[in-house]
């Protein structure tokens with residue numbers, strides 16, 4: 001073993017001991033940013049190739065979460081804005097990558113993670129991509145031993161709230177509730193139970209890679225009281241020690257939930 005590898009292993013072991021004392025987040029949100037910039041840094045002719053490396057890296061990070069005992073992970077794969085603003089060639093390549101990675105690593109009979117989807121698949125995603133994602137959800141439905149992994153694809157936080165309100169209005173109209181009665185009785189829980197992530201706990205910790213310090217329309221409602229951690233590494237270069245440092249930072253904080 002090289003000296004650098006030895007020091008890395010020893011440091012990672014030390015971080016694991018530090019984080020084991022907790023507290024640890026029950027739900028982590030991951031904004032996996034920087035695929036294209038990483039590809040440029042690595043000298044790749046086509047920066048979009050970074051999406052493949054980034055997608056392949058998800059399984060490693062999920063394994064770290066599983067080892068740490070994190071039961072819920074939400075991964076921001078691509079936003080509605082990404083799909084609308086990127087060129088057709090890049091979006092098509094991204095859809096192919098998603099299909100292949102989901103099929104190989106997630107939609108398996110021996111799947112370790114239960115897959116859920118947050119977002120709107122039918123409009124922004126290719127038909128084959130939407131089909132692959134729905135198959136992954138169905139194939140892992142009975143997997144209850146590992147973490148629950150939510151893939152936010154074709155996702156926008158503002159649109160999620162709009163869709164939740166719209167669904168609530170339809171539900172209450174069907175029940176015969178007037179707008180006046182609904183306005184008088186409306187609660188945050190009413191909105192929450194109609195979100196894409198209904199039934200899941202809010203994220204305790206949101207990690208964003210690439211050094212950017214913003215939420216980019218990710219889980220806006222759910223992350224109201226989340227702790228935020230920004231890492232300089234690009235997503236494909238995000239290491240286990242970076243992940244463990246995020247957990248260590250979280251454990252050292254005193255959560256105030258807005259107080």
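Just so you know, glycine gets a Cβ as well, placed from its N, Cα and C.
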Need a hand: Swiss-Prot gives 34, 35, 36, 37, 38, 79, 80, 81, 86, 208, 214, 215, 216 for substrate, which of 51, 57, 194 is also on that list? 51
Could you give the Cα-Cα distance between residue 81 (substrate binding site) and residue 33 (active site), in whole Å? 14
Are there recorded positions among 82, 208, 215 that sit within 10 Å of residue 33 (active site), Cα to Cα? If so, list them; otherwise say none. 208
